[in-house]
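Engineer: The structure follows.
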Amino acid sequence: MASNGNAKDGPVHYGATADPESVNVEVKSPAKNRYKEKAQSYKRRTWPILFERASGSWWNPKFDSEALENEQWKDYFPQTRRRFQYALFYILVAIIAWCVFYGCTRKQHWILVLGGSLLLFLIIAVVLLFTYTRFYERFYLQTSIFVAVFLCAGILSQPLLTQSYLSTVGTFTASIEVLLLMYTVIPMPLLGAIGIGVLHSVLYEILTALQDEKMQQPSFIVGKFLLHLCIHLIGIHIFFMSQVRKRSTFWKIGQSVMAQRDLKIEKQIKEKMIHSLMPPTVAKEVMQSREDKNDDEEDDGRAKKRNSKGKHVKGEIIFRPFNMNMMDNVSILFADIVGFTKMSSNKTAEHLVGLLNDLFGRFDKLCTEKGCEKISTLGDCYYCVSGCPTAKPDHAKCCVEMGLGMIKAIKEFDEDNNESVDMRVGVHTGTVLCGIVGTRRFKFDVWSNDVTLANTMESSGKPGSVHISETSYAFLKDEYDVEEGPDIQDNRTHKVLIEHYDTATSSYSVRHKEDQKVIKTYFISGRKKKDGGLDSNEDLSQNAVADNIAGNVERETSGEGAENFSESDGREITHSDVNGVSPAQLLGRRHSSGFYATSELSLDMIGDDTRDPSMIPINEAWTKIRKIHEQTDLQIIKCTQEDSQNTVSSPRYHGLLEIIMSFIVFFILSLCCFIIFDRELPWLLIFIFSLIIEVLVFIHALTDVRCKDKKLEACSSFIHLISGWYFRNLLGAIVASIPIIAVYSNFSCNTFKHENLQDRYFCYCVVLSLLHYCNFTMLSSWMKSILAVIAGSVLLLLLAIKICEFENISSTIVLSTMVSPVSMENITGQFYNRTEQNNTILSDEYEYLFSGSHSLKYEVILDMILLLFLIWFLNREFEISYRSSYHGDAQAAADKEQMQENKDQADWLLHNIIPEHVSDQLKNTSKYSKNHKDVGVIFATIVNFNEFYDESYLGGREYLRVLNELFSDYEILLDQYRFKDVEKIKTITSAFMAASGLNEQNRNKNKHPYAHLFALMDFALEMQEVVLQFNASIFNFSFILNIGYNCGEVTAGVIGTTKLHYDIWGDTVNISSRMYSTGVKDRIQLPEAAVKILEEKFDFEYRGTIQVKGKGEMKTYLTKGKKPGATWD
């Protein structure tokens, strides 16, 4: 991990030599700083916020943004309208039910009552129809207030009548139903609902008390006040949590949308990174192998826990995952810039890399247009293929058109930049192995002798021409006119295994013997004309393509102050290798210009970009996502850090508030029972037991909020038990039923024999207790509704069954039922007469509800049915709301997880292009270039790999598998802490390039200023040991590892637009490559300057003076080994 290297509080460490051109910049994002402050405030917060971005007003839950609040209301208005319409439907059903009831009872003036009910039905029906119009959204508040006031007025009119058609139980039940509708489904502000509701409760109790003197007793007034208080608290709680949950759901859905948007951008970046490494088809296999590897590691971990005995069979060879495919009929193009060394000799690094970005950007666009797959760039060399990894019938034509386009594009480049460079292009068609070698800092590449031959076609060509082999010409005879070119040696000879006797060692070894032959070549002189004299590919004969290329590629040539140097552009071929060119040849080409590079990547904002997505530079996507993150910084940060925030809408706080509400309801009802009813033993026992349960549940919910982790550590098994689905729902059912159980425990015939309306009050408490089942929205609505039905049915059974004997019940009731032709009418008429105090029939004070013969039971049945239907409807709506909130949360979490997975994959791919410390800066600045001093560089090459390689078996695939195993063994060494300063740069066929000291933050931690150089030499020695062990496993063949070492100043940078490439340049790199190419078998060679630094920890032997291309005579040394006891950590 990168560190700031601050040694203020620790031991002083040596750092890298200060570079005057290097500036350490600490980027401070205002958004991130704001978030840090907010994060600290969250840690100090002792009470949760209502929901994300809440305004802080508890009595009026709103977003702190007017735009968010308006959008939330707009998005939820259809649901609000639907709920209000359901409420109106419920009111219509209730009116019809009461009309049927009035019609059956046929009391005095029943027709008038029925007419009034039908008028109410008509008005509500008109309101319902109005909600389906477009005007409702404008006048929704006025409509809600009208309905609420109209319903309250209808209920209040009952006590005003000279003869009430409903008992106090019926009007009380209707009142709480209207209040519940106002707080839940009739859309109005909380203050409006409280105002209308409280006014209704006060007027209702005043009017009711005026009609009956017994209700004017202080205890009864206090009891009714507590009941109304409880009703409003339940309503406010439901309203409050509904608003909080609604906005929280809106926010979570918004988070999900933002996460999906970022996920889309991350996917685009990931695809660009993939395309920078390899074609998507190959990347899919690589990512799948990575996922399989992770799965295998998890399986191995589980197997170890199970003490699995699964082991490899002795003698079985286990290979690493290897992605390599053989493809026939693939055309390979190599192109080299002629005159590049001259062009680079008088330019700064920034200017030169800007020119390269311009030119290679044109080539990248051409590559996409012509159906080619870019493989890589090696200095001024550009190579690509067609027909790989996806087969194409016109592969040869694609490559030739690509070459012709490159020649034309570089002419446009010369005109635009006043340069005089040209292109030399070679094309050959054959068989290739395409895939990946190594496990880190890998890239998609092609291998075969045909690739080598394609490189030969380029090197033997001439500027401004496309040089093709006879194999490619066979696919192009009808397309192009050609001129004969020189014959070149064919390296695709048949190899025969022979035994070679080494006289020096008096031993035999297996060698390849191959025949020599040549092939014909051709230069493309033009396209063949069709009838009519038009080119077969007319679009390339016009200037549109070149103009389009020149116009769409971003060029940036600013910057100065970097050194530049050059050396001759000659080529030295010391070993013919597999990858189209020997390591020495490629490295000589790659570093021949000797320029210091920087990456000047364009910073254009991506708006509605109409370009081909594959041609949009990666840095533009990074810039775009950075701008978006700056605009929505707080939202995105909260989205990824949501779990660290405490909100009322979170399940833990939501559950705690519901437990608190349950405790309040239980306390108020218990207080009412103590005031109104007798304190009998069953009630006292139930109260104590219920209180214990409520307290324990409250403590459990509170500790879940305050110290969940500590509680989980202390008693994890018990917590998992009570957190299970079955136990949680069972406990929820018990807690939800505590109020109704407490009320029923006060049922006593002795209590109801009093003439203080205790039996009516008992019904009030039962009705109120049923509302408690609307609490606990996290429980199943069906379970709560069923429990409510059961609890309500108990009251109906108590009314219907004769349980208590009351001595003062008059026999007149029985007599009237015998003589009256309409018994129901007479009974209800007599029992509802509250104004005739001297009537011969018993007055209301003698009408005992639980006598089993009271006609009020029919009204209570209807009350219970309507109330339970309302409870079921509300529970269902609450569950839908809660599930929607949970779904939004789960979807946002899933999107964030997917986004994080894509980020991890993108980072993993990115770090296989460029180091992590470079990518961090590249994401912030979209460019990277830095000069480093005292950097170590090695080239470790298997110089005899071509002798080992043979395409007669599976096209050479298994030989490359061996190379993959060897490189992977190298890379395993990099995981060791002592090699933390060493990083792989790249591989070129059998050459492995590594460097140390490029991460200056890690260098600053070292105790010795040259510890990274010592570590690189130690790494080179370990590589020799790896090869020795590897040779022991190869039958009758030994790899020869030559290593070149050098240290000094280099320039590290990132170059490219659509395909980024991280590399290092400089004399240090060039000399290091010369050290291996002129080295000694199985030895490490290095120049005298490097020995002076390393001789403190290593022993060397003088080899002598050798001729180094571009440098003349140099004194070189060979490493003997590390000095005994040498350490530098």
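The backbone N, Cα and C atoms fix where each Cβ goes, and this holds for glycine too.
Okay, these came from TrEMBL:
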TRANSMEM  84-103  transmembrane segment
TRANSMEM  109-132  transmembrane segment
TRANSMEM  139-158  transmembrane segment
TRANSMEM  219-240  transmembrane segment
REGION    285-309  region 'Disordered'
DOMAIN    331-458  domain 'Guanylate cyclase'
REGION    549-578  region 'Disordered'
TRANSMEM  656-677  transmembrane segment
TRANSMEM  683-705  transmembrane segment
TRANSMEM  726-747  transmembrane segment
TRANSMEM  759-779  transmembrane segment
DOMAIN    936-1076  domain 'Guanylate cyclase'
Engineer: Restricting to CB pairs under 8 Å, which listed stretch, 139-158, 726-747, 759-779, is in contact most with the transmembrane segment (84-103)?
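Structural biologist: It is 139-158, which has the most Cβ pairs under 8 Å.
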Engineer: In the domain 'Guanylate cyclase' (936-1076), how many residues does DSSP call helix, how many strand, and how many coil?
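Structural biologist: Counting residues by DSSP class gives 65 helix, 40 strand, 36 coil.
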Engineer: Under 8 Å for C-beta pairs, could you tell me which stretch among 109-132, 139-158, 656-677, 726-747, 759-779 has the largest tally with the transmembrane segment (683-705)?
Structural biologist: 656-677
Engineer: Take the transmembrane segment (656-677) and find every residue of the same chain, 6 or more past its ends, with a Cβ under 8 Å from one of its Cβ atoms.
Structural biologist: 219-220, 222-223, 226-227, 229-230, 233-234, 237, 241, 648, 683, 687, 690-691, 694, 697-698, 701-702, 704-705, 735-736, 738-739, 742-743, 746, 748, 751, 758, 761-762, 765, 768-769, 772, 775-778
Engineer: Taking residues 6+ outside the transmembrane segment (109-132), which of them lie with a CB under 8 Å of any CB in it?
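Structural biologist: Answer is 81, 84-85, 88-89, 91-92, 95-96, 98-99, 102-103, 143, 146-147, 150, 154, 163, 165.
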Engineer: Taking every residue in the domain 'Guanylate cyclase' (936-1076), what is their average pLDDT?
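Structural biologist: For the domain 'Guanylate cyclase' (936-1076), the model's average pLDDT rounds to 87.
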